[in-house]
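These come from TrEMBL:
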TRANSMEM  221-243  transmembrane segment
TRANSMEM  284-311  transmembrane segment
TRANSMEM  317-342  transmembrane segment
TRANSMEM  354-377  transmembrane segment
TRANSMEM  383-413  transmembrane segment
TRANSMEM  444-467  transmembrane segment
TRANSMEM  473-501  transmembrane segment
TRANSMEM  513-532  transmembrane segment
TRANSMEM  544-561  transmembrane segment
């Protein structure tokens, strides 16, 4: 964007999670000394001569970013510098970023941040926020001789056309850049900083002021209640079926004399000779089950730690780092589960099974990620992952995850196959004509609705935190929703499975995986809706990136729910 650059300062080092999420921290040219007040200090002056093509290009880029409401994100002592302003109902909203500038349309309508100042009134003009008033609040530590700790940093963006850029006075008219301006445009960047003691904020709770301005907690409770009602309803149905129907069935079977009434069997009792027939494509199913187990345990442990507060937004990138490391270390359960199921499906090609478990799903995710990275490299984005990090991820995968998967598979294949309580008949039964709702497709489509209903409000906030740079801090809620989701998926699947077994359709393995896995398809539809209704993304590269990353999330979610 051609703002002021800091000379010769080293970049702070980042952890794996930050690099993967493209959160790069750059050193800043704004220099403060503690408790030293500065007013209207100059940082640098940029001059654009619109007759030169490269200067015109830079200025046009700056205008485009103001039009699209791009934001600065600044950090002081690991705290986001926030811009707090009044919204309706007398509430204050604290935004952890502030806009580069704003635009007044040709018919004189102020867009985005231009509403804050009545002096912004020229038509078809950009106003750049080239001055900031920063206020840093600190808390003096009483009992130790440490001095003071910063507890908050707030700023007010201002726009001034400095008449003498060399000794600016920070007063006068705003810095306007007319859309049709020719000749020379001078932008002088300045800042003022003041320090204020704030006794009431504890250092430990210094993040709270950002949370206060985030509405939505009441929506959360509402959605949790909503999900709990679904869970109770489903649990009731499952319990009723288990108790009433099975109890009745079993009582009836026990009463019968085994000889005379045996031919009058009905319902699920009829398919006992076929129920453990190995499914078609058993190899793929066992691989999916292995990868799904890996993701399930990873999600559970990550969310559990996040709930205990180890992975708060204050540790930047901690959540992603934790998830990646856990995923790498959980190769063993993946290999074990895949091997056990593959063996019980009567599979012989154990080498193929282990290789597919270690490479199929991670390979798809990595390939997708790599293509996204190529696009970012091509666009020259700062979010692109450096080559070294890609090599590090590959090393984690090949040198830790794959051997662990092999160890798990070794133990899985060494154990005896899962013993089936009934023998499988030689000749497969014919499946009778199915009614509409026990056919595979309608059943699978119905199965995904309930679990999705539990999570879709949380999804909105998670997508916001990924794409709209809002803080996500509601891990307690998320953990609850996670547990509810696991229960709902299982119960919806049990219900639908019982129905189609009663209709004498014994192909249950893939159907039970896909019934709850179909939630991921609803997730995808929701993500597409979110893209068109909430995000103003223009440009092919950005669109491809959005859908590329969404596909990674959908795949992980599919394996997890399945």
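The backbone N, Cα and C atoms fix where each Cβ goes, and this holds for glycine too.
Taking pairs at least six residues apart, the transmembrane segment (284-311) and the transmembrane segment (444-467) share fewer than three Cβ pairs below 8 Å and do not count as touching. Counting Cβ pairs under 8 Å that are 6 or more residues apart, the transmembrane segment (317-342) and the transmembrane segment (544-561) reach fewer than 3 and are not in contact.
If you look at the transmembrane segment (544-561), the same-chain residues 6 or more away from its ends with a CB under 8 A from one of its CBs are 288, 291-292, 295-296, 299, 361, 364-365, 368-369, 371-372, 375-376, 451, 466-467, 485, 489, 516-517, 519-521, 523-524, 527, 531, 535, 537. Sequence-distant contacts of the transmembrane segment (221-243) (same chain, six or more residues past either end, CB-CB distance under 8 Å): 450, 453-455, 457-458, 477, 480-481, 484, 487-488, 491-492, 494-495, 498.
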